[in-house]
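Got a structure for you, questions after.
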Amino acid sequence: MASFAYILAAVALLASCHAQYNYRNALQKSILFYAAQRSGRLPSNNPIDWRGDSALGDQGNNGQDLTGGWYDAGDHVKFGLPMAWSATTLIWGMIDFANGYGADRNNAMQSVRWALDYFMKCHVSDNEFYGQVGDGHADHAYWGRPEEMNMNRPAWSIRPGAPGSDLAGETAAALAAGSILFSDSDANYANQLRNHARTLYDFAYNNRGVYHDSIPNAADFYRSGGYQDELCWGALWLYRATGEQDYMNKANEFLPQGRPWAYSWDAKEAGSLVLLTSFGNNNARAQLEDFLQSWFPGGGITYTPQGLAWRDTWGSLRYAANSAFIALLAADQGVLPTQSRNFARNQINYMLGSTGRSFVVGFGNNPPQRPHHRASSCPDLPANCGWDQASDPAPNPQILNGALVGGPDAQDNYNDDRQDYVSNEVACDYNAGFQGALAGILQL
């Protein structure tokens, strides 16, 4: 009888958790956020009415078409490494939490296809891949609509003699994951993705080096901590996509060592541990358990007074969201399932409003109204948009639905200030693990 009562209590707790916040609506709005970040020629059914075609002149050094992709954050640079990681992470959620996505999965797949198409455009030959479009410094000197940009937008590639194993390895992971996602609905597209993934990974493996040495402009914005994690990560996704032992052999050359700091655009070790665990690697399972315990209360990571697992100042919420996503994936592998799911719910609930305010634009109680985001800060046309809008204390005229802002400091202090790019900017990588975690909670 006691065990039956425990089951009833657990069911009631889960039901109350799902009732507390509208996770479905948060998921749908997160998908919309990526539509707002689109660069290039937009489809006629683009759901963001205050966005239009932009950066139609983006091209490679030999005139290759590099239009498309996502703008990185509140700016208009297309940074390849965080964009690729965002795509991989989003796709992972769509694969493993397909039931959580439910009827929204098709919209999510079309959303991420925008990035996958762009990556294939950037892969202009077997041994050349364009990893950045737009000069970060020149771009950040501009405040206005992406549709009205007129500055030069240079493009940089990695190639023999100018390697980028991290960038190529991560993009190979995204393409391989995409091939799994689309294998049932569009086999020809999935084959294209898989072929690009194979070739890009071969380039990454055979031309070693960090990408920011080849694309110095990226170093001030997304400096890579190394490429070994991406060579493992990319190989694991290709192994999952193909079943070919050669990829597992390559992954084993670069296995994660020690406890990962976080799961992020620059740190793939925790993600690799989840994949390795799913493939039956017991050493990885033990490492994954250790990683998760370090994020649980009392495990060593800083907790804010109101319960956020706080890893770092810049974009504090993304680290917690990413770890919540990893925890939900790990729980499905039987790794500390109760603790992992409780941790994930608590962190996502913090973002949705458990402290009395939401950190997701357009969602919940007292959401951010002034995200550091150029396009949404601009009034309706034909009004001008410039640096006056950057400092205007009024709410953004356009609602950037679904965007997760950077987040609070270690004392839960947060200021909804457009000029505060540390705590109030938005970014493609901020929403990736967050969106996957929402789907994971919905699948429970």
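Just so it is clear, glycine is given a Cβ too, placed from its N, Cα and C backbone atoms.
Sharing the feature lines straight out of TrEMBL:
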ACT_SITE  HIS372  active site
ACT_SITE  ASP416  active site
ACT_SITE  GLU425  active site
DOMAIN    23-438  domain 'Glycoside hydrolase family 9'
SIGNAL    1-19  signal peptide
Restricting to the same chain and to sequence separations of six or more, state which residues have a Cβ under 8 Å from that of ASP416 (active site).
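Residues satisfying the criterion: PRO368, GLN369, ARG370, ASN424.
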Which of the three DSSP-derived classes (helix, strand, coil) applies to ASP416 (active site)?
coil
Whole-number Å only: compute the distance from the Cα of HIS372 (active site) to the Cα of GLU425 (active site).
4
Using a 10 Å radius around each Cβ and counting other Cβ atoms from all shown chains, which of the active-site residues HIS372, GLU425 yields the largest count?
HIS372
Please work out the mean pLDDT for the residues of the domain 'Glycoside hydrolase family 9' (23-438).
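Mean pLDDT for the domain 'Glycoside hydrolase family 9' (23-438): 99.
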